[in-house]
Structure formats: structure tokens, C-alpha cells
2 protein chains.
Amino acid sequence: MMRTRPLKVALLGCGVVGSEVARIMTTHADDLAARIGAPVELAGVAVRRPDKVREGIPQDLVTTDATALVKRGDLDVVVEVIGGIEPARTLITTAFEHGASVVSANKALLAQDGAALHAAAEEHDKDLYYEAAVAGAIPLIRPLRESLAGDKVNRVLGIVNGTTNFILDKMDSTGAGYQEALDEATALGYAEADPTADVEGFDAAAKAAILAGIAFHTRVRLDDVYREGMTEVTAADFASAKEMGCTIKLLAICERSKDGASVTARVHPAMIPLTHPLASVRGAYNAVFVESDAAGQLMFYGPGAGGAPTASAVLGDLVAVCRNRLSNATGPGESAYAALPVSPMGEVVTRYHISLDVADKPGVLAQVATVFAEHGVSIDTVRQQGKDGEASLVVVTHRASDASLNGTVEALRKLDTVRGVASIMRVEGE
Amino acid sequence: MMRTRPLKVALLGCGVVGSEVARIMTTHADDLAARIGAPVELAGVAVRRPDKVREGIPQDLVTTDATALVKRGDLDVVVEVIGGIEPARTLITTAFEHGASVVSANKALLAQDGAALHAAAEEHDKDLYYEAAVAGAIPLIRPLRESLAGDKVNRVLGIVNGTTNFILDKMDSTGAGYQEALDEATALGYAEADPTADVEGFDAAAKAAILAGIAFHTRVRLDDVYREGMTEVTAADFASAKEMGCTIKLLAICERSKDGASVTARVHPAMIPLTHPLASVRGAYNAVFVESDAAGQLMFYGPGAGGAPTASAVLGDLVAVCRNRLSNATGPGESAYAALPVSPMGEVVTRYHISLDVADKPGVLAQVATVFAEHGVSIDTVRQQGKDGEASLVVVTHRASDASLNGTVEALRKLDTVRGVASIMRVEGE
């Protein structure tokens, strides 16, 4: 049974992702109509530069007035692929007010204002879908929000930024330093001219906030996510990792505490064993591990960015939202009923790999070990290397809180025999 | 807003999966209620042995009369975890007739009668969900049916049977023969007393039929799936695979033809390169690759069987179906509009690894090569090994149709100089 009145879709933004969404809507129109149960029609495209020629998009659909477009009142769905906070936020809420549901790929906005946007959607009885906001084409939001809706998720651990994974993979495989690997990523188009959002972990932190919120049925904002970039990872760190049978990845980690009463979310570089499936995620690919009570360990892997993969996720959401419109229903909205407190980084418990430059004389190891013991941080292994009156100590700890580790390091720095703390890196995935 | 009237759920079957579903429904009742928007109540449990004590299930809910249970008329959802064709099929259609939606984990039934069951669901405006039927806890049906609904899937390639993967992994890692590895799988509970359904590929073929149907929007029945078991894979095959930098997996492969006009579905052992992510899927785990136009390559990985993982998938569906009930809507039903023809195995195009026992004399390679050429099968590499008047030829072909390869092998068998065809194995995942 095909309904003949088409569903009207407006596109906000027509860059790499938007143009691909428009292209697929045109070239796969019959498939989309069959899957939705009604044809979909591109009703308008809001752009910044109206004079640019866009293949396959009729010029009379193009407008620079995005506000007027979302206020038309006859739209079924607004697809927002502008990115950034404003004007995206105002356009989305205006779209809800004027009767449209929204599909967005905007991780920054959802991480910052997800709760308010969900509330606006609910107030107007509309859908807000955003599979494309996290890990591009990889289905993650829908599996967490729907497939695991009857399970209890305890941990989400993943590589959710392709740019930094490309850089770290390059450093690992070639021995290159950070700057050299970044330059190659920039030359190949994997890194933007200003790579700050990627390399400082802001992009991954936004995704961690979104994933943690859905996984734990708790509001988690960008500000709740501990964030450490990967610009200070060195070739020496990779050498240390190799000695431990590990590699280094920038990880987003969302965890429920052992007693289940709180959660944490964080982004930082970490060593993971080469035997862990995340260790073999190459280039700009993304992969996310999800651990839950009943399902156990699941992994989702695929291209985390790019025009076509992101468009695939947007269109999957578009089909779902259109189906919901036809049956006068809405999909699952925000689920924040658990309202668990988000603990600060100090309460995160993990293992650490610490490299110290120390004086090469008797008794240093005993001094260092005493400091660890005094702070309740238990040592797993120590390796001592001496050369020319200088020596290095590599300590790998058992699980300890971040606060205890920080206290330990502060005390170590005060020891006369410790010349410097060369590196501290967390060890995950064991 | 919590609705107070609970949704009533009947459970058909209370074995490994059913008892876990009942347990989680009880222990996680508050979470389920919050996620659905109304409490769910276990209204009845149909079992074969009513006198068996089932922890956590009140005896007054237990009945041996499954038919009377599904006819009650006040049920919202029937969860079918009996398995097999009858009485499951009749119970499911009876449930629809009496107003309930259905969640099933029954791959055999869905592969055989999916179309009729979907039609019955649609006739009564009810949901039929079955995430648990394929690859246990791994979200696959929902991603294919919803996340990729705006994309064009070209290929599904996966390990969807944990028992056979355990056996093949064991053969690969220890050099054990098939029987020895099967015995260990049986002893550890990974293989059933009668392992036929697993080792002969029936279980994987049912899953391939379900996946192909959803991926290609086309009806694919169990009978349409080419099926070859893995009982004849030998230690020698693993040795050959290793020489090629490969391992051997039992794969389910669903493909759209190059011109897009037809599809194929098949299950058989195959060599895959060690660099392919499926090569490192260990033990009883499952993993499925999905290749589509826009999303590119996605992989889904996790436990493919077991009580708790399967229950996780069942409960995810239960939450979705309950939400649909509350909003008087139904989720996506069968999508078979593409109605592509399912081509026979002869039209499948892939590469082959063939071991021949030949006479150790000049001219044999020329004879063999001529036969390949006459059948239009192009040779990639040949390796000749001679010992004691006997010799072996290992031929790896370029891509050729199964029909051409069969013709080639038939003609090779007729050559005086070919003493026997030691093994033929397909090479996939390149």
C-alpha cells in the first residue's frame, strides 16, 4: 500500500554529507519510497553559498534563508547537517515548533544540549534521531537505544575518532613522531587544517557524552567528560607499549562503577594489548566495544566519518522517522530515568604505565616503591634500566584510582632521586 | 508518564533462553518499565515438564497447554523460544489471531515460513520481531532492517555458527582433525549430542536465508541457500590454507550479483586471508561483515549463542514491541518489494584452491592448465610438489563461476595423469 502524498524533507547544509544525502535521495528514490511506504521529496536545501553549482539539486530548491525554510509548516522531516551550536540549535527547535521531526548528525550540539533538544522534540511530539552523530555509518545509537534496551550496559570502550586513529596507527607502524604523522594525515585529507577538535579529544569527548547518556539512561554532558588529547604521545611511548605487548589508541571510555551507583566518561590515549580487537583497528576506521550483563561483549566496526558513510546513517534515520510519521508514532526519546551521578576522573579506576628518570644508585627503587605503597597504589611490574649514571624505571601498576595515582606522582616528583616523570599512560582493555 | 496497566507477556518455552528471559524480566522489572513506559508482567509460561522446579517463576504461571495460553486474548506479547517448526508455527499464528505481537528466536521456522508468518502479523496489525534468531546477542536484524534502510547492501559475509567456529578454530590452532575437535566441542558443551544441524551447515543456512531476505528486500527461503557442511575439512586443508596466508571458516555469504539483478545465498567452508577481520574470530564467537554502497564495510561481533546473550536480544525486541503497543503502531514488517531472483550456486563467482594428486612426469602441468583454459577458468598460481613418482599440484584460480569450476574438475578427473582431486575449497574475503 503506497501512500501517494510524498513526505517532505528539508536539508540544512549541503557540504560533504548533505550533498551525499541529496544524491542518494534522488538516485534511490524508488527504494526509499518502497521501504518507507510513501515517496520522499526534497522540499528545500539551505546553504551558505547559493551560487555554487550543486549537481542533481534543482536551483529553485536552494535557499540561504534556513529559518524561513524550517518555518514553512509543511515539512515532515528536517535533516540538519550544518554542524556547530548555532544556528543549528535554533533551527532544530524551530523545526519542531513548526511540525517537523529532525534527523541530525551534530555531535557537538547533542553533547552540549541534548536534553533541551529532546525536551523540545517531546513537547511537540516529534522525533529527534542522530545515528550519524557518533561513529559515522556504524550503527551504535540504535543498537544501544533499542537492541540493548532489555539489557544492562556496563561499559562502552571505543575508538570514535578516525583522524587520531590514523595518526596513532601511522606512529605505530612507521615509528614516526606525532608531528610527522599529523602532517601526513593533513596531506591525505584525514585531518583538517585546524586539527584541534580531533587531536585534543573534543570530538571524541562529545561522542563519549552521547554514548554514555544512552548506555546508562543518564544525562551526560560534554562538561562531564574527562578529556586528554593525544598530542603528547611520543615515539618513545610506542616503544614502551611494544615492550608490554601493547599499542596506543585514543579511547572513549564510558563506565558504570562497580557498585552500579555512578558512571564515568573519559577520553584519553591509553595502552591496550595487541590481542585486544581494538588494537587492530587501522587507519581512519572506528570501532566500539559494548559490554553488558546479558549480551556480554559486542563490537561494532566500520568507517567513522566521510560523506557517504555519514549519509548512510542519516538516511537510515530518515526512513525510520518517515515510517513513524506515517503511523503517527514517535520512536524512543531521551531515556534519562536512571539519573546516575557522573563521578569525576579521580574516581576512575584503571592501571598505569609510568616512566621515571631516576639517579642510578642503590636504594632508589626502594624509595620509589615506598611512595607507591604509601598512596595505596599496588605495583604489578618494575623494570630498571641504567646507563651513564642515569637510569630509568618503568612501573606498571595494578588497578588504582586516578586520584591515588596523581597523589603518587606528585610525591615521586618531590624525591631527590627522581629527576623527572617521563610519561604516564593508562592501560586499558585487559 | 507511566501507564499503570501492565503489558502482559507469555513465554513459550522455558529452557536455557526462556528461563533467562524470565529471570531478567523479574530482576530488571523497574528498568524495563522505565524504558517501555509501562510495567511488563509475566502472564504465563508454557512448558513441557510442569513438575520441574524453575527458580523465580511462580508455579501458578506454569502450564503445559501452550495453545490455551496464546488464546487467552489479554496478552500483549508472546515470546516464542521453543524452536523447531511445530508447534511453534501454529502457536505464533494463533497468538496473532488472538491479539498479541510476537518475539521469536526461531531461525528454522523463520527461514522456512518467514513470509507466511509476516503475512499473518500484518493481517492482524501486529509485530513479529526476531533479532535473537540470527547470531544471538549481536544486533544484526535491526541494523540491516533499520540503520541501513537508506542504503543498498551488496554483501553479507559472516561466521554465524559458534559450534563450527569453535571446531575450526581448534583445528587451526592445535592441528587436530575434525573428529578430535568435535569431541572437545561436545565435551565442553559447545556441540550438541547430535551436531548435524551445526556441522552440516543447516543452522547457518537458515540464518543466511533470513539475512539475505532482509538485506536484499527479497524473499529467500532455506531451500534457496546452497549448503555444504564442514565435516570434510581436514588438517591437510588447514596446512594448505596456512601456506596461502589463510585460515578456514564456515561462512554464510549473501551477495547481490554485479549487475544488481539477482542475489545468491550460500554456506560452505572457505579459506580467508589471515589479515581479514573474520580470520581472528575465535572460539564460539560470531561476526558478520556487511558491505553496502554508502556505508562501506561494517562489522558486527559478539557471542552468537547462549542463554543470556540470546535473552538480551529477545528482551531488546520485547521492549521495542511493547513501546509499539503503547503507541498503537507496529515496527517495520517484511520488506520483499525488490523480489530479486535467487540464482543457483552455479552462478556464484569466486576463487578456488584445488589440490590434485598427479603423476610425476613431464607435461602434466601443461595438460592440467589446458583443461582450466578450456573451461574459461583463469589460473592465478600453481605450485608443484613431487615425491616418489607421485606429485601434487596446488592450483589457485582467479574469479570464476561455480559452474565453470565444476566443469573443470569433472574434466580433470578424466585425465589419466590426474590420480585424484584431493580437495577443492573456495577462497573468500579478498
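Each residue, glycine too, has its Cβ placed from N, Cα and C.
The following features are taken from TrEMBL:
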- A:LYS207: active site, proton donor (ACT_SITE)
- A:LEU12, A:GLY13, A:CYS14, A:GLY15, A:VAL16, A:VAL17, A:GLY18, A:SER19: NADP(+) binding site (BINDING)
- A:LYS107: NADPH binding site (BINDING)
- A:GLU192: L-homoserine binding site (BINDING)
- A:353-426: domain 'ACT' (DOMAIN)
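Recorded features from TrEMBL, shown on the structure.
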residue: A:LEU12; record: NADP(+) binding site; DSSP (3 states): strand
residue: A:VAL17; record: NADP(+) binding site; DSSP (3 states): helix
residue: A:GLU192; record: L-homoserine binding site; DSSP (3 states): coil
residue: A:LYS207; record: active site, proton donor; DSSP (3 states): helix
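Other residues of the chain with a Cβ within 8 Å of the Cβ centroid of A:LEU12, A:GLY13, A:CYS14, A:GLY15, A:VAL16, A:VAL17, A:GLY18, A:SER19, the NADP(+) site, are A:LEU11, A:GLU20, A:VAL21, A:ALA22, A:VAL81, A:ILE82. Rounded to a whole number, the distance between the Cα atoms of A:LYS107 (NADPH binding site) and A:GLY18 (NADP(+) binding site) is 15 Å. For A:VAL16 (NADP(+) binding site), the number of other Cβ atoms no farther than 10 Å from its own Cβ, over all displayed protein chains, is 14.
Under DSSP, the residues of the domain 'ACT' (A:353-426) split into helix, strand and coil as follows: 24 helix, 35 strand, 15 coil. Rounded to a whole number, the distance between the Cα atoms of A:LEU12 (NADP(+) binding site) and A:LYS207 (active site, proton donor) is 21 Å. In this structure, the recorded positions A:LYS107, A:LYS207 were compared by how many other Cβ atoms lie within 10 Å of their Cβ, and the smallest count belongs to A:LYS107.
Just so you know, the Cβ of A:GLY18 (NADP(+) binding site) picks up 26 other Cβ atoms within 10 Å once every protein chain is counted.
Model confidence over the domain 'ACT' (A:353-426) is summarised by a mean pLDDT of 93. Under the DSSP three-state reduction, the residue listed as 'NADPH binding site' is assigned to helix.
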